[in-house]
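A.B. asks: Submitted below is the structure of interest, expressed as structure tokens.
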């Protein structure tokens, strides 16, 4: 029996195809379903206002700054409606006819075949003699942003824009190219795709030379330039039109009218719609401290730039922005009332609040030590809802409430390199991450990951707030609680619903769980996989506090699902064109520069401290010497003004001068007598010895408290007085030789005193 079965197996072979049978066709590859497509599965009909379109933008080499700002402006509902409706809204039929040539759908199978053919060609070239050895390639990471962007370019529809300025009745400008972008997305019959903003970039680089290079640009500078260019283009075209045409309002469709009533936006019939949306008014109040007169000066702004402090919030930064500033010393204020420079106090307040508030966090600061800009990784907390307090007393609607709807994030260690992404809140589909060609849904708490802490982390750079009402905020919170309660109650589902749409277990940015374990089985919690596409930060500490504090499960259902770990920042490349190793090298270099800078600052601080100590010691020595000299001069001054000194000074040098003059006069009169008695010389020398001996004798008996010099001077003065008394005696006039030798003796004394 066994031999029969073995022979039967040998006889039975694989079935041979018949001669006339056709081979079975190979099934074409199906592109993978993206998380965005899963989110849009339950969407209804396509809207005509463009609020349900989610297109990525192709990066043409460091153009992420442009893509992130354009995405934020497109999802600013009143701004998008104003751009589309000015000067008139293009009919939808014309747009659909134009999109028939500009919207191109991808052939995924053809792209795969072309990619496989390119790989074979590359391998064949490597096998040629003399060719360098082919390096083994690592398998592609399907969770990396580069792979997702490549798949998006191969599978999603590509939308190219053309110049339609003539249909608007305007000349080509940056505004018309922006209008081309917005209208193409609004009129598209596909909800997802990729825009190619090549025409917009061509106009931008043609009109502004600074954007012609492939260097890293600043997103905030581009936002400010774009808004000012839109204002200039609109006003320039309006000035060319006659007055009656400018006064006529443009035609409105029923859909646009309905949207305007619901969102609060109006179809622009003037050229000031950009000012009405983004423009605010700042008031500079300056109070003179001399006359206490307050002067005010108004200035407009399209975005508000605030300085940052470590471990602060947007509210504290705004408080510092409006803090009082003392104008003194070289920065005094010229008061017109006082007519000169005076000390004053200055502060900045907001007089008119904009409908859309663009807050620029000044992350890049110029440092004198490095002689270049440096990125500040300060932790600055920004809220979902904001109410400004630094308004003037006569401000319009000072209690206006704002809600956060877009965040532009800068990823990188410095201002000269890095990458920009945008996180935007849509009307009814929650928050989305726009990373050039890739668009993915994220959770609401994901927005809180960009407060900023240390080098290497992604930080929020520009915050977009739009006006809202308290009723809308309460309604939104109720809807979020209802959605969260529904997701918690649906335990048997395999996916967790957040923001009202189902998510797959492998979604990187939403961090959804495949199964919610019961509270009685805590050991069944599994570690979630980390996603390299999300710029990570640590979870906000307030969330942990909310989990630890007891609350009502009906209102605080967020405690049931655990907060997923934030992905590691090392897995996110610095830019789409840079590898992880290059990013690590740059970060190590920046860390080394930072440590060297800190060490140099510490050395400089020590040197400055030693110099201050030496200077302080020198000043103390000078002060002590000055005090000693002051004491000595005070004692000398006291001795001079004493009664004895006054008496001595009356018989001092002044008397000597008068005596010398009288002697000279006397000698001039008795010249003949002195000449006739020149032979008598011995007797006066014996009677009047030199004054030196007398001075030395008197120095041996000094009274207490007198110096030898002062006593000698007093003795000499006394001798002079005695000689003058002797000369004044009439009996001395009889012998001329006494007068001669006494005069000689007086000259000797005068010489000794002067010497």
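The chain as shown is numbered from 1 upward.
Using N, Cα and C of the backbone, Cβ positions are placed for all residues, glycine too.
Taken from Swiss-Prot, the feature active site, nucleophile applies to 64, supported by sequence analysis. What Swiss-Prot records for 419 is active site, proton acceptor. The coiled coil feature in Swiss-Prot is assigned to 581-630. As annotated by Swiss-Prot, compositional bias 'Basic and acidic residues' applies to 237-246, 577-648, 718-733. The compositional bias 'Polar residues' feature in Swiss-Prot is assigned to 254-270, 693-709. Swiss-Prot lists 654-666, 734-755 with the feature compositional bias 'Basic residues'. Swiss-Prot lists 55-468 with the feature domain 'USP'. The annotation region 'Disordered' is assigned in Swiss-Prot to 1-32, 119-146, 237-270, 495-755.
Just tell me what is around each of these and how deep it sits.
C.D. replies: Around residue 64 (active site, nucleophile), taking its Cβ as the centre, 26 other Cβ atoms fall within 10 Å, counting all chains. For the recorded site, residue 64 (active site, nucleophile), the DSSP three-state label reads helix.
Counted within 10 Å of its Cβ, the other Cβ atoms near residue 419 (active site, proton acceptor) come to 26, all protein chains included. Under DSSP, residue 419 (active site, proton acceptor) is assigned to a strand (E or B) in the three-state scheme.
The predicted model assigns the coiled coil (581-630) a mean pLDDT of 85.
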A.B. asks: Give me the Cα-Cα distance between residue 419 (active site, proton acceptor) and residue 64 (active site, nucleophile), rounded to a whole Å.
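C.D. replies: Roughly 7 Å, rounded to the nearest whole number.
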